[in-house]
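To keep things clear, I will list the structure first and then write my remarks on it.
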Amino acid sequence: MGMSQPGVLLSLLLVLLPQTWGAEPRLPLMYHLAAVSDLSTGLPSFWATGWLGAQQYLTYNNLRQEADPCGAWIWENQVSWYWEKETTDLKSKEQLFLEAIRTLENQINGTFTLQGLLGCELAPDNSSLPTAVFALNGEEFMRFNPRTGNWSGEWPETDIVGNLWMKQPEAARKESEFLLTSCPERLLGHLERGRQNLEWKEPPSMRLKARPGNSGSSVLTCAAFSFYPPELKFRFLRNGLASGSGNCSTGPNGDGSFHAWSLLEVKRGDEHHYQCQVEHEGLAQPLTVDLDSPARSSVPVVGIILGLLLVVVAIAGGVLLWNRMRSGLPAPWLSLSGDDSGDLLPGGNLPPEAEPQGVNAFPATS
């Protein structure tokens, strides 16, 4: 059988493209998909995030029904139909995942979390190295081979889901086409049109607050909002002198940026002697904030916080997923049990005094 015209064009592009990526780490393009049967957690029934390496560039859920860019990728000079195509493809995957969840519920008692990690990276010759693995309730149970068009695995549930999807018209062909053709096309497109986004730098805005602690102490919370890249260094100052970095944590926002906070226990009544300072790639010099005095970087902090209320500021699995993607683990499976369920909610473990209020993690409309 002859190769289709799009396939010929892609092959020529992969051959003719200068080998400029060879000297640098090759970024994978990955989609993390998840569907749940138990909606009591307040999560959507289906959601997806798209990643270029450890940088999130896309979000989608069944409530909004549109694929949206994240972070600096909002300004990527994409072709006009690109996000419509992403939306169409993710709606198809949403249908497959939700049908699988319903079928599992009908045949097996229990609740289910079905996840997929689909994507590709470019081999040294710029051909596609596809990934298509699936997990059920936090454990890998199935793989898809795009060259044979088969879903396979050792679990009984593999037969249930795999046979269901094999019966769907064109499902295997579309999945193979996505992994071998569409995915490398998109990855090349992002590298060509949005290469500068990989060097995106967004400076943080900050605030420092205090709350009562135990045994006559106070707890200072230094929070940094809406910054990228995620590496950020905290420092507490007492009367202008370094007084430690506190206990620090970092997590992703749903818009591709990050938030972080650090906690320091001090003597009650001593709070106003302290300042908080951060160092970040997006800042020309360290940014320092006094207690209860919002600092300004390149954008007023009020605008940053208000903006957080208007965008999707938390993606399901955000904290745990980002940490696993960044650490290079093979699959960011979430079990939706124990502590994992907390990582699926807005803002991770951001302290209440540092978190913008009134945020809906999955708004149905923009």
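Note that Cβ sites are derived from N, Cα and C of the backbone, with glycine treated the same way.
According to Swiss-Prot, the N-linked glycosylation site annotation covers ASN109 (among others). The secondary structure of ASN109 (N-linked glycosylation site), as reduced to three states from DSSP, is coil rather than helix or strand.
Per Swiss-Prot, region 'Alpha-2' is recorded for 112-201, and the stated evidence type is experimental evidence.
Per Swiss-Prot, the feature disulfide bond maps to CYS120-CYS183 (among others). Of all the Cβ atoms in the protein chains shown, 25 others lie within 10 Å of the Cβ of CYS120 (disulfide bond). According to DSSP, CYS120 (disulfide bond) sits within a strand segment.
Taken from Swiss-Prot, the feature N-linked glycosylation site covers ASN126 (among others). DSSP assigns ASN126 (N-linked glycosylation site) to coil, not to a helix or a strand.
Marked as N-linked glycosylation site by Swiss-Prot: ASN150 (among others). In sequence order, PHE144, GLY162, MET166, ALA172 are the residues of the chain that are 6 or more apart from ASN150 (N-linked glycosylation site) and have a CB within less than 8 Å of its CB.
Averaged across the region 'Alpha-3' (202-291), pLDDT in this predicted model comes to 91. Residues annotated as region 'Alpha-3' in Swiss-Prot, with experimental evidence given as evidence: 202-291.
Mapped onto DSSP classes, the domain 'Ig-like C1-type' (203-290) shows 3 helix, 54 strand, 31 coil. As annotated by Swiss-Prot, domain 'Ig-like C1-type' applies to 203-290.
All protein chains included, CYS276 (disulfide bond) registers 28 other Cβ atoms within 10 Å of its own Cβ. The disulfide bond annotation in Swiss-Prot covers CYS222-CYS276 (among others) and rests on sequence analysis.
Among the features that Swiss-Prot reports, N-linked glycosylation site is placed at ASN247 (among others), with the record citing sequence analysis. For ASN247 (N-linked glycosylation site), the same-chain residues that are 6 or more apart in sequence and have a Cβ closer than 8 Å to its Cβ are SER262, LEU263, LEU264.
Among the features that Swiss-Prot reports, region 'Connecting peptide' is placed at 293-298.
According to Swiss-Prot, the topological domain 'Cytoplasmic' annotation covers 323-366, on the basis of sequence analysis.
According to Swiss-Prot, the phosphoserine annotation covers SER335, on the basis of similarity to another entry.
Look at Swiss-Prot and you will find 344-366 tagged as region 'Disordered'.
A gap of 12 Å separates the Cα atoms of CYS183 (disulfide bond) and ASN126 (N-linked glycosylation site).
Counted within 10 Å of its Cβ, the other Cβ atoms near ASN109 (N-linked glycosylation site) come to 6, all protein chains included.
When secondary structure is read from DSSP and collapsed to three states, ASN150 (N-linked glycosylation site) falls in the strand class. The Cα of CYS276 (disulfide bond) lies closest to that of CYS120, out of the recorded positions ASN109, CYS120, ASN126. Of all the recorded positions listed here (ASN109, CYS120, ASN126), CYS120 has the Cα closest to the Cα of CYS222 (disulfide bond). On the backbone, the CA of ASN126 (N-linked glycosylation site) and the CA of ASN109 (N-linked glycosylation site) stand 45 Å apart.
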